[in-house]
Structures are given as C-alpha cells and as structure tokens.
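Per Swiss-Prot, the features are as follows:
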type	residues	note
REGION	42-67	region 'Disordered'
COMPBIAS	42-53	compositional bias 'Low complexity'
DOMAIN	94-251	domain 'Upf1 CH-rich'
BINDING	C102, C105, C124, H134	Zn(2+) 1 binding site
REGION	102-134	region 'C3H'
BINDING	C116, S119, H138, C144	Zn(2+) 2 binding site
REGION	116-144	region 'CC/SHH/C'
BINDING	C162, C165, C188, C192	Zn(2+) 3 binding site
REGION	162-192	region 'C4'
BINDING	Q455, G475, T476, G477, K478, T479, Q645, Y682, E813	ATP binding site
REGION	978-1065	region 'Disordered'
COMPBIAS	982-993	compositional bias 'Low complexity'
COMPBIAS	1012-1063	compositional bias 'Polar residues'
Amino acid sequence: MSVEAYGPSSQTLTFLDTEEAELLGADTQGSEFEFTDFTLPSQTQTQGQTQSQLDNQVNGPDGVLPNGEDAVGKTSQLLAELNFEEDEEDTYYTKDLPVHACSYCGIHDPACVVYCNTSKKWFCNGRGNTSGSHIVNHLVRAKCKEVTLHKDGPLGETVLECYNCGCRNVFLLGFIPAKADSVVVLLCRQPCASQSSLKDINWDSSQWQPLIQDRCFLSWLVKIPSEQEQLRARQITAQQINKLEELWKENPTATLEDLEKPGVDEEPQHVLLRYEDAYQYQNIFGPLVKLEADYDKKLKESQTQDNITVRWDLGLNKKRIAYFTLPKTDSGDMRLMQGDEICLRYKGDMAPLWKGIGHVIKVPDNYGDEIAIELRSSAGAPVEVPHNFQVDFVWKSTSFDRMQSALKTFAVDETSVSGYIYHKLLGHEVEDVIIKCQLPKRFTAQGLPDLNHSQVYAVKTVLQRPLSLIQGPPGTGKTVTSATIVYHLARQGNGPVLVCAPSNIAVDQLTEKIHQTGLKVVRLCAKSREAIDSPVSFLALHNQIRNMDSMPELQKLQQLKDETGELSSSDEKRYRALKRTAERELLMNADVICCTCVGAGDPRLAKMQFRSILIDESTQATEPECMVPVVLGAKQLILVGDHCQLGPVVMCKKAAKAGLSQSLFERLVVLGIRPIRLQVQYRMHPALSAFPSNIFYEGSLQNGVTAADRLKKGFDFQWPQPDKPMFFYVTQGQEEIASSGTSYLNRTEAANVEKITTRLLKAGAKPDQIGIITPYEGQRSYLVQYMQFSGSLHTKLYQEVEIASVDAFQGREKDFIILSCVRANEHQGIGFLNDPRRLNVALTRARYGVIIVGNPKALSKQPLWNHLLNYYKEQKVLVEGPLNNLRESLMQFSKPRKLVNTINPGARFMSTAMYDAREAMIPGSVYDRSSTGRPSNMYFQTHDQVGMIGTGPNPMGSLNIPIPFNLVMPPMPPPGYLGQVNGPAAGRGAPKGKTGGRGGRQRNRGTGNHGSGQPNMPNSQASQDLVSQPFSQGPLTQGYITMSQPSQMSQPGLSQPELSQDSYLGDEFKSQMDVALSQDSTYQGERAYQHGGVTGLSQY
C-alpha cells in the first residue's frame, strides 16, 4: 500500500492531526515522538455509507426503489452481507499464524516483516490504523534499535548495519547510491555519512537518505503490505499498541486478549477541582505521586552502562573525582543533574572488585560530554585502572517521600496551615478576608529597582491577602516583584519568610535578588549539592557555618576535617552536634530562608513554622510538590508563575493523564482566584513583544523598553525590515527520526541555523549573546555536533553559543534567539509544537532579535502557527533565498481564525486536566449549565480600571464556557480586619467555626453542599480585584487579529463544559476549556438557577 494513500486528500482514511489520546499536552517534557492516528472506516461507518447511498436512490417518501424493491429489505440484505464478510475475515486471522507474523496485526508476508533483535518479535511495515508502520511503532515504544530482515524476503536474512563502522541503530542508518554500480551502501548518519573522505570516491555523501522515512522503512527495503492485506489483518489501535507494549515489559508473551483481563491497565483516580476534606485530597494525590515515583525508579535503574573508561583526579577538598563519558543518547529520558547520586563499579581483573558512590558535580555541555562525580569515600578505589567500569544510576526516593509526607501532614495536622488556606486549597467557599497590616509608605525595596504601577499594585494587594496569585508574563520583573514582597513580609517581623521554587536555578536567582535588599538570607540546599558552586554559594547554610566566629570549636574541627579528610569517631560526633546547633541558630535568626519546594521537607526545617510562604515558578511545580512548603504552617501564601508558559514535568503519562501535571496555581485560577498580572515587559524589542502580547496576554503587555533601547551598537546585520528585528526563514528540509528513535532532527534546518549563527557572529554578536533553541532533543544533539564539525568559523566560537531545548530555556533570555522548528512532513502533524505554551516560551526569550527556521507548509496546518505565519507575512518578514539576498516569500496561507476569546481571554492556554464529568455535573457547581437564564444587563456592564476591560454584549450562552460566578458580581465592601464578615452572604457555604482557624473538617452541609439544588455563591473576588488604579494603561493594539469570524469554542454534539475545546487547539489539548485566567480580562458569565419557576440570579 502506498504512502500516498494516507494523504490528507485520501477518501479511504480520515486523518486526525492529533497525538495519542493518552499523551497529554501538559506533560511538557515527556516523550517527543508520538504517533498520529489514522482511522479506518469502521463497520458502522461502512454501513452508514451504504444506507446513505440507498437513500439517494430512493424515489419518493415511501422508500421504494425505482425497480420496485423495498428499500428497507434491500438495506437489510446488504448489511447482512457486510456482516458475513467481516465474520469471514475474523476467522481468517484467528487461525494459526506462522512465527514470523506481525505481533500487532498478524500480517505474515516474508517481504513485509522485520525481526526486532532485542524483543525477539516480528512486525510488519504496514501502518494499519496508526501513522507509523508497526515495526517503527514497536522500535520507538520499546526503545529497540536493531533489526533483521526475513530469510525469504527479497534481500534475504540481513542484519541492517553500517558498511563502514558496523553501527546497527536503524534510526541512524541511511543509504547512499553508488554512482557506478546499481547498488546502495548503508552508512550511519554520523560520523560515517558526514565524513568528507569516504572510503570510495563513488559515494556521494550529499545523496544520503535515512532508511526510515515518513515513519516506515523504505518500500524497496521492506515491502509495505497492500491495502487489501492491511484491511484483512487484525485491526489494532495506537492505544491498544501502547497498552500491549506496557504489558510486554512485565510479560513478554502477553497478547491482545490479555488486555481484556480484569486488573490490567487500571487507571488511577482522576484529580478533582474540589475536595471534601484533606483525606480525600491525600487519597487522590498519594497514588499519583507513587505512580510517578515507580516510573522514575524504573527509568533510573534501567540506565546501567557498561565498559566505561574513567579518568581519575583529586579535588581541592582531597576527595576523589572520577571523569567519564556515557555512550551518546538523545532520548531525552535520562535527565542527569548536578547532585544526582551515581554508583561506580570496577568489573575488571586488573584490581580487586570495587564499588563506590558519588555525586554528580559536572554534566555534559557544549565544551564536552564528560560527567564528573565526587566520591563519598575513596577507600579502595582502583585509581590506576582506567577501563572496565560500570555506571549505575542510584534512585533516591527522598523527593517523593517528602511529597507523600506533606499530603499526610495536610490531612492530619491541624496546625499545618491556617483554616482559611486549608479551605481555599480544597476549593471550599469561604469569606474573603483582608489582613490588617501596616502598609509601607514606599513599596520599592532598598537595593532593588523602582517598581512600575502593576508591580506596586501586586505588592500592595499581596501584603493584605492570605492567599494570592501573581502572573508574571515574560520579562515583566517577576523576580524583582517577588523579592520586594519578601522584603516587606520580613520587615513585618513575624518570623522568617520561606521562599521556594521547583528548581535550584530559580531559587538561586531569587536568593540573589533578596540578598540585595540587605536582609539576612540563608540558602538551604541538599547535602548532595554542597560541593556544587553557584552565584549564591556564600549564602548557603553550610558555608555560613564555616564563617561563624561565635563557635571557634566548630571551626577548629572543620579545619581538621578539611586537612585530613576524616575525623575520629568521637571528634566526628562532637563536630555533628556543634554543626546542628549552629544550623539551628542560623536558621532561627534568618529573615528569609530559600530552598527548593522539595528542599522544604529537609529535617532541618521540620521543627520550624513559617507564617509567610512565597513559591516562585509555581506553575512549573506539581501540586504535591507545592504542598511540601505549604504545610510548614502557612498563614499567608503567595504563588508566583505564568500558566501561559510551560507547566510541570511529569514523566509518567498515566499520572499526567490523571492530572498530576496540573499545577496548584492553575487549579486555584479555575476555582475563581484571579491572578494579579504584571503588565510592563522590559525584555523584548517592542516589535518582538507585539505578537505574544496580543495572542497570549490579550494585548495587555506594555513595553518598558523602546526600539532605541534595543538597537545594539556595533552590530551590522541586515534585517529584512530594519525596524523589525525578526524574520521567518523558509526552509524546505525533511524531518528524520533521531538516533534515539524517540525524537526528530532536520539536517537542512541545522545547516541553515549554522549559516545564520555565523552571519550573526560576523555582524558583531558575541557567542554568549546567541541562543539556539529547538523543541526536539534529537535536533539539539545534532546541532551541537554539526556546529563543531561544519561551522565555517573557529570551533571555540560555536562552543560558546548555547544550544538547548525550548523547555530548558524557560525563565532564561538571550540577546538573539534562533528557533529551529524541525517538523516538516506531509501528513504527520507537528507533534508537541502544537502546545501553544511552548510557542509562547520560544518567542519570548530574545531581547534584540528572533529568527525562526522552519517549514511553513507543515506548520501552517496548525491554526496558531498559521496565525504567526500570517503575522510575519503581513510584517514582510517571511523570507526565503540566500542569507545575503533575502526576498519576501510568496507563500500563501489560509486566513487565520480568530484566536482571542474576548469573554474569557488567555484561558485556552491552560491544560485543565482536573475537570471531569462528575465535577461538571454537580448541580449548583460553577460548571452547572442546567439553566439558560441570563443575568440582567447591569451585571454585564463591568469596568475594571486595573485591566482596562471594555464592555460589550455577552455571547456566553452560545460558547458553553463555565465561568466562576464570583468574577462577575459587583464588589462587596472589603472587611476591615482578619475574620470580619460582611453582608447577607456571611457564613454561606463557609466552614463551621471562625475563618481564622481550621474549624471543623466538614463543610457546612446546608447551603454549602455541592449536591444542593441551589448553587452557593462565594464572596466576590471583585472586592479585591476591582480596586481603582489610576496608572493602568490600555492594551497594545490588536489590529492585525482577524475578528470577523465567529469563535468556535465547542465541538458539535458536546454539551458538557469539560469537553468544550478551543477551535484551534490540537489533540494534545483536548478537554481544554476556557476558564477565568487573569485580572486583565473581561469576566462575564452566567450562573443562573431556577427558583420558584422563575429564572434569576442566586442570592448574593
């Protein structure tokens, strides 16, 4: 069957530009290689077509055919025949199959099947119901790479390998036609095919092509089964294949029938939006944390590497350091980080067998692939021997144990959080409170830059609230704002403030800023990271202890330990006791303690209580991760992040699908807590900020820098439009599967990226001012090698240019960014480039200029990319041709659909995994759509002076989008002090007892019950968000956005709100719905109920 049969124009198959249903978009850094489903017409579809054909022949209302036959009778006869044929096919493929039959579908033509050398199974080169052939599907999912052809096939029993070096990785292999002879030579992509001096001058390396194209083996190598063969074969879906592959890991002899057995592939319970109590919360999140832990353990323990060569060295602290290189892998699965624990074993016979544990102190970078580990103890280490070592990755459960412990503490310990935060986090409706505090006269902190109007508003509001969300779009001074908030909280004198973030880099950046204010800051890091240098090492707890003058005995013991390497047992005991005392003293006297979210579970903090807690980058942390610091006594909690950028990393797809990939920040937004958005960006040239602002932030970003500020002196680069430092460079290359089998690369794009980088360097840019980013690890790895071997300038220059994945670049910036899109195919889709949050991150890293290299034909099929390409074309920066003579591309694109939902902007970029039908169907919940009533017009005419919200008619009824009602109602007068209750809504739906304490575990079962017929209205958030702010300015123009076409926000036939979906989103974001996202948006919605036969607003 030809590949063309599967094209978009095919009438036989329906193309769905989607990833697998179970591969969630929110799993932002999971596997990059996904399989797009094709759907063969099912039996019912075929029958439906037959019926419609007959209907077309029916003449008149009586359903009589022209020849007088009864139409119904004729149809029944045809259907019976169709069913009979299907039965025949069933029996054909349930009979005994030969050993070499495809393990998925049963096709057994020797010319069509390939043997997987690793799994010892046969697979065909047909696609069936999936986009990739069955053999490629298996190789990718099982992470296998070596194959053998069938002995009765046209090429005989052949193991596919490189002619030059013997490499058997089929994802690396390709062929070169020999010029003289009618033969082809198999060579690996790197290094053999890229070598300038190939063995035989008849080989033209420029003709090299991969053996796997369009996700199947080339048809001359392995025949593709005919359409008839594939139709008669066992039909298997991508989802079944995925489950079968998982089953094979446990039981290699499992079959499709085993999938039907009870207990196989049980799905975990899905996360909820609201929880009855903390026990239910723990019972849902605990199993998800365990799933992720088990997956992580299996992944780490499967990474054993043999035959490692070690280079030994001695560190300044007298500890042994082992340097080694691991075999090249670009799978992206193994994320080796500084501080990780590694076990090194000697397996040879030149010295006694030995085993040592060490911590990673250096990871591969552009300068080299070497890894360095510092050994805990060097006793018996065979330092004279370099060869025959084995590396094992030691899995540590610490992070997951601390998450589980936090979930338990939240459930059983009354003092872990305040009553208000307890109920807010569980989604209970409680009265909003204002904290009575002395506001500073000047909000800017000493040692930090002056704040702009939106930053001042954020600081002022946060200080008065027990729970706040701050949304910081790219370059809006999120770190400065957070540091200023921490400064004012610390000045209030309520004990140390705890500051956390998911990553060590984010913690270090914030620690540095807070230190500039003059506060006493302690950076608490894991003991495994104490040897790792960072910009704030001098603030680290272990280093501050070294410099304590108040404990001379500790200093003497420390000096002795440094000189000798070890202490006697009695001295060691005394040293540890003194060290613990010093640590406690430093921590208790600190103004601010900074650590990672998981680091907050450190035993050294166990006895401490923190009234105020700030979590930066909270949208990149899973919810249990956020709970680790929260349960240390939070009475005032501030979450900072941006849900329009990439979310948490969840490796286990099952856990991600169940909602572990949802951040706490996002869930609270959905519950109706409006984030305070920072509005002035100081990073990007105004021309670079226009598109992200209009598409991702409803035009609310204002520019804190001018075009003149972003003109680089001594930089001579010819931009296609001198006033717009950006362009899209049209590249017509083809994507290839990378050597890991789980990622992609594009050689043509890599060559163009090198040319552009060289041009930027020649124009005066320094190497460290350029960042090259790509969504795919395969392309990142290929680019690093390509620049080294093929760059026309000195190798050292290219080494200093940072090449990273888009995900790794979040939170970073460079003067110039080159984005390589990689994807270029006829009908496979664009994979996880579909994720709009990834595009947002990619476009907002640059300060002075952005260059995108990609294939517009492939990208324009996705509506958001189509929007970007249209925008670049309108700006006359969609270009092609040689770099020294760029010309405008004549490529045409379809008119972009309207992407901005004026009713509920920005929400489409949030992955809402926590919604399920149970939540949506609860009568009276915020998603209750049982009524069609509309509020009177007075509730539509809202004016938010903070965000400059315009007024307009409300098409909510047709959009089927749930909006939390508390964002619509007029403001209540703010309470005067903590715990004060105002108005008739007092106590409605609030937990029993005072708001300041946890009160009862059970919610008020009267008006506050989810199951009640009458919805229960939370106190209005508007009281805190609709505060007058004279500094607010209007948004950037949105003139170029097409506004004419109506917004198609829900799929036809879907009535439940949790199934509504933005029209442009790919399948990765199915189940996305618009929800209230930010302070700068028009929040209008209906939440009516039937009362006494009259539809009206519920009592406020």
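For all residues, glycine too, the Cβ spot is worked out from N, Cα and C.
Structural mapping of features recorded in Swiss-Prot.
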residue	record	DSSP class
C102	Zn(2+) 1 binding site	coil
C116	Zn(2+) 2 binding site	strand
C144	Zn(2+) 2 binding site	coil
C162	Zn(2+) 3 binding site	coil
C192	Zn(2+) 3 binding site	helix
T476	ATP binding site	coil
E813	ATP binding site	coil
Averaged pLDDT score, the domain 'Upf1 CH-rich' (94-251): 87
Listed in sequence order, residues not in C162, C165, C188, C192 with Cβ within 8 Å of the centre of the Zn(2+) 3 site Cβ atoms: Y163, N164, G166, C167, L172, L173, L187, P191, A193
H138 (Zn(2+) 2 binding site): secondary structure state under DSSP, collapsed to three categories: helix
Least buried by Cβ count (within 10 Å) of the binding-site residues S119, C192: S119
Cα-to-Cα gap, Q455 (ATP binding site) vs S119 (Zn(2+) 2 binding site), nearest whole Å: 58
K478 (ATP binding site) to C102 (Zn(2+) 1 binding site) - Cα separation in whole Å: 55
Whole-number Å value for how far C102 (Zn(2+) 1 binding site) lies from H138 (Zn(2+) 2 binding site) (Cα to Cα): 11
Shell list (Zn(2+) 1; ref centroid = CB of C102, C105, C124, H134; cutoff 8 A): A101, S103, Y104, G106, I107, C112, V113, F123, N125, G126, G128, S133, I135, P225, A233
Among C105, C116, the most crowded of the binding-site residues [Cβ within 10 Å]: C105
When distances run from the Cα of C102 (Zn(2+) 1 binding site) to each of the binding-site residues C116, C162, C165, Q645, E813, the nearest one: C116
Rounded Cα-Cα span from C162 (Zn(2+) 3 binding site) to E813 (ATP binding site), Å: 41
Rounded Cα separation (Å) that holds between C116 (Zn(2+) 2 binding site) and C124 (Zn(2+) 1 binding site): 11
Binding-site residues: H134, H138 - member with fewest neighbouring CB atoms within 10 Å: H138
DSSP state at Q645 (ATP binding site), helix/strand/coil: coil
C116, S119, H138, C144 excluded, remaining Cβ within 8 Å of their centroid (Zn(2+) 2): N117, T118, K121, F123, I135, L139, A142, V147
Around the Cβ of Q645 (ATP binding site), the count of other Cβ atoms that are within 10 Å: 23
